[in-house]
Each structure stands twice: as C-alpha cells, then as structure tokens.
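Engineer: Let me give you the structure first, and then I'll get to my questions.
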C-alpha cells in the first residue's frame, strides 16, 4: 500500500490538533484538512481557551484526567518556549468561587493544574456573595493566535488546507484511504448524530488590561478570563439554541454579572460580542467506524462532541484519535496484503 492518504474534516482546535498529531505520529501519511471555515471564523475562535475541565458524564474520570493531563503538559511546554507569544499560550492564576461549597473540594484535575489550594477567608472577602473558593494557576490559549500557530505547524509538515464544505463522507472515498471527522456541531448533519446538540455560548471580548487574574463562578455561568490582548467575559449555556445572532439583553446581563465579580470592569472599553455553538453530547465521540456502501468500504475516525471542554482536552483526544488512525492504517495495510 502506498503512503496512506488521510482527510481531516474541521479546522477548529480539535481538527487542527488531530491533523497535527496524525502527521507527527505517522510522518509517511499524506494529510489534508477540509473545512468550510478557518480561523477567525470557527467556533474555537469564540472560546475563551482556558484549561478548566468540563466533566463528561458518559466518560470515565480517569480517561478525562488523562486527556487533560496530556493537554496541560503539551501547552505548558509551549508556554515555556520561545513560541509562547506567537502561539498565544500563557500561564494564568485566579480563583473559582462558589456560593455554596461544592460536593468535591478537590476536583479530579486539581493535581494537574499548578498550586491548587482552597482560598483563605481573607481572599474570599473580595467576593462577598461567595463562601467557598479554590485558587490555582492554569494555562490559557488565546484562540486565534493558537489556531494560526497550529496551521503554520501543519503547513510546515506538508499538510494541505482546503476551504470546502464536505456534505457527505463518501465524497472523499477513492481519493483518501480514511476520513477523520472533527466537524463539531456539524456532525449533527454530516453523520446524523442525534445525541449531539448545541449549547449556545455568547461572550464579550473587552479591553481591560488591568485585569490580570481569572475569576470563575463555580457553576460556570459567569467568568472573566484575561488573555494577552483582551479579556473574555461570559457567558451563557443555552441548550438546544441554534441562534448565532448576538442578543443585546444577554450582552447587558453578562456584563452586569461580570462587574458584580470584578467591579473594575465597569471601566472596560471596546466591547466585541461573539456567539458560538458548543458541540455537546454525553461523551466525546472518539471511535473508529467502517462504513460500507455497495461493497465499497470507507474507514472513518470520529473525534467530536467536546462541548464546553474542547480546549481543556484537545491534545489528549487528538492523540487518541491519531492512535485510532494508526489502527485503521494497520487494518487497511493488512487487507491490501491479503488481496496480494
């Protein structure tokens, strides 16, 4: 069998990092990325890009922890490199605060982030509405620079990028040996996944350079995440809402909630409103599948459905998807040898 040809669908953080893992793991592969949208127009561009895991009810905790740990280790190395600024990856410290103490004072990821501890009473005085809190240092990707950095790495590895909407996986059969599906919410239509649903997120990107620490309400509804150039204020979690149009009432509500956590934000300037649809399901769909049509087979690897937690686990799930691609290649090579 000649060098396997792999098509990766989707150019958000999951698609690009999966393509990168494939080409790094299997340098002999010919890899191409197909997407109707590239940065700055992907769902990933709307994300805050902070590494605080979202829990998937249908996935074993030790698996989720492994994905997070691999992602954290990968980004921590970038943050300590000369490429940190270009990649938009940096360490950030802050607080997660709760009105009522959570069931778990130490979440499953507490020993992966840096310096995790419970907040002191003195620290909690900054948040009079909250009675419990956690302090730690984590990593943040500024999404647009990070996506461009991934694209640059891919091109340096010979990966081609095509702006094209793929409406049917079978379009690529014949030209490619296998297809990797990382289209996020697009999988609802592309592969008819009824378990996948949008969770609409509206965020504000503001200019407030004096805000240095992240602040997150423990239920995840309100958050302030400073980036290198702008601060992301959020948010909303509107299950089943497909609208990409910003809502002015929601903008005011987000701003007011964030100002209640950090009153200095009243002075924030230059508010940009962004909306994205988180591709949510009970668990990430990370699996191999062999489709069959008229005696013809098509090998597919799925890697989508990361919901609100995509950035927190993107490298870990990309590594797992690359391993599944390796299994597909071995199976294809075995069947081509059998034909000989």
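A Cβ is built for glycine as well, from the same backbone N, Cα and C atoms used for every other residue.
Checked TrEMBL, it gives:
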BINDING   43, 44, 166  FAD binding site
BINDING   223, 278  D-dopa binding site
DOMAIN    5-324  domain 'FAD dependent oxidoreductase'
Engineer: Take the C-alpha atoms of residue 278 (D-dopa binding site) and residue 43 (FAD binding site) and report the distance between them in angstrom, rounded.
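Structural biologist: Per the Cα atoms, residue 278 (D-dopa binding site) and residue 43 (FAD binding site) stand 7 Å apart.
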Engineer: Using the structure shown, find which entry in 43, 166, 223, 278 (the binding-site residues) has the sparsest Cβ neighbourhood within 10 Å.
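Structural biologist: Fewest other Cβ atoms within 10 Å, among the binding-site residues 43, 166, 223, 278, is found for 166.
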Engineer: Across all chains shown, how many C-beta atoms besides its own are within 10 angstroms of the C-beta of residue 44 (FAD binding site)?
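Structural biologist: Summing over all protein chains shown, residue 44 (FAD binding site) has 30 other Cβ atoms within 10 Å.
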Engineer: For the FAD binding residues given in the record (43, 44, 166), what is the largest pairwise C-alpha separation in angstrom?
Structural biologist: 19
Engineer: Between residue 43 (FAD binding site) and residue 223 (D-dopa binding site), what is the CA-CA distance rounded to a whole number of Å?
Structural biologist: 18
Engineer: Could you state the whole-number distance in Å separating the C-alpha atoms of residue 166 (FAD binding site) and residue 223 (D-dopa binding site)?
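Structural biologist: If we compare the Cα positions of residue 166 (FAD binding site) and residue 223 (D-dopa binding site), the gap is 35 Å.
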